[in-house]
Amino acid sequence: MTKALAAIVGSGNIGTDLMYKLLRSEIIEPRWMIGVDPESEGLKRAADRGVIASAEGVDWLLARDERPDIVFEATSAYVHRANAPRYRELGIQAVDLTPAALGPAVVPAVNMGEHRTAPNVNLITCGGQATIPMVHAVSRITDVAYAEIVASVASPSAGPGTRANIDEFTITTSRGIETIGGAKKGKAIIILNPAEPPMFMKDTVFCSIPADADRDAITASIHDVAASVQAYVPGYRLRAEPQFDDPTPISRGLARVGIFLEVEGAGDFLPPYSGNLDIMTAAATKVGESFATQILGASV
């Protein structure tokens with residue numbers, strides 16, 4: 001079967017975990033793994049799996065006679081901002097796993113169909129990938145005046161990049177809750193959970209809804225969208241049934257629905273408690289396969 005060719009740029013934990021997922025894809029061939037450190041564990045693992053591994057960076061990749069159809073960038077925002085124009089000039093679609101956010105934000109279960117031909121898409125944040133689908137599930141049934149999410153991730157799964165960009169996480173995720181999730185106002189909070197042993201990613205979503213909203217329809221929509229996410233993130237699950245609260249004197253006449261999630265990683269390379277990272281590589285794979293379907297269809 002013909003497959004779209006892909007390169008992973010960035011041989012760290014994210015890039016390596018992504019490689020294992022792409023190796024299972026029926027329509028993407030991860031042909032290249034690109035890094036800058038010859039001693040990288042990711043490059044060694046790539047070579048062991050038959051993936052062409054190079055520590056000579058993007059210059060080396062783009063100088064090849066054969067080039068990828070899709071690039072997955074798992075480096076840094078700074079590096080991706082430099083590389084993105086070069087990919088675009090060569091007609092290579094880019095899936096951005098960095099905070100650069102140069103292209104439209106994509107959550108596969110919500111808006112992938114709108115961006116299949118985009119030259120560059122970004123995946124927002126791990127908290128956004130986990131919680132925006134739930135806000136969308138509610139907002140497609142009724143108005144959501146306000147949505148607030150709390151993402152709790154195991155402290156060992158949060159590297160220096162995450163810790164240095166907490167403000168960026170909250171701003172970017174809050175924006176996605178509004179623009180993709182459909183809430184009129186969104187707020188995001190992240191907690192680095194120091195518990196030992198490390199716990200799975202846990203997310204809480206609260207949505208303010210009209211007092212007369214159809215609660216059965218909202219519950220059904222939540223389960224439907226959760227199943228859509230679970231199709232590409234098997235460890236994504238509801239921890240309990242959605243909980244509804246009636247209006248109170250301080251809620252301005254609005255009711256509330258609470259949604260409680262857990263994300264367990266697949267354990268491809270990262271430990272299962274790193275569900276926050278696994279949901280990013282799983283979403284990247286799903287987006288890449290959507291790109292590949294478009295690319296292969298156009299080449300027939």
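Every residue gets a Cβ built from N, Cα and C, even glycine.
For the NAD(+) site, Swiss-Prot records SER11, GLY12, ASN13, ILE14, SER157, ALA158, GLY159, PRO160, GLY161, THR162, ARG163, ALA164, ASN165, and the single candidate of ASN83, ASN276 listed with them is ASN276.
GLY161 (NAD(+) binding site) and CYS126 (active site, acyl-thioester intermediate) have their C-alpha atoms 13 Å apart, to the nearest angstrom. Spanning the listed NAD(+) site, residues SER11, GLY12, ASN13, ILE14, SER157, ALA158, GLY159, PRO160, GLY161, THR162, ARG163, ALA164, ASN165, ASN276 have a farthest Cα to Cα distance of 21 Å. The Cβ of ASN165 (NAD(+) binding site) lies under 8 Å from the Cβ of PRO99, each on the same chain and at least six residues away in sequence. Taking CA atoms as the reference points, SER11 (NAD(+) binding site) and CYS126 (active site, acyl-thioester intermediate) are 19 Å apart. If you measure from the Cα atom of ASN13 (NAD(+) binding site) to that of CYS126 (active site, acyl-thioester intermediate), you get 15 Å.
Taking the Cα atom of each, SER157 (NAD(+) binding site) and CYS126 (active site, acyl-thioester intermediate) are about 11 angstrom apart.
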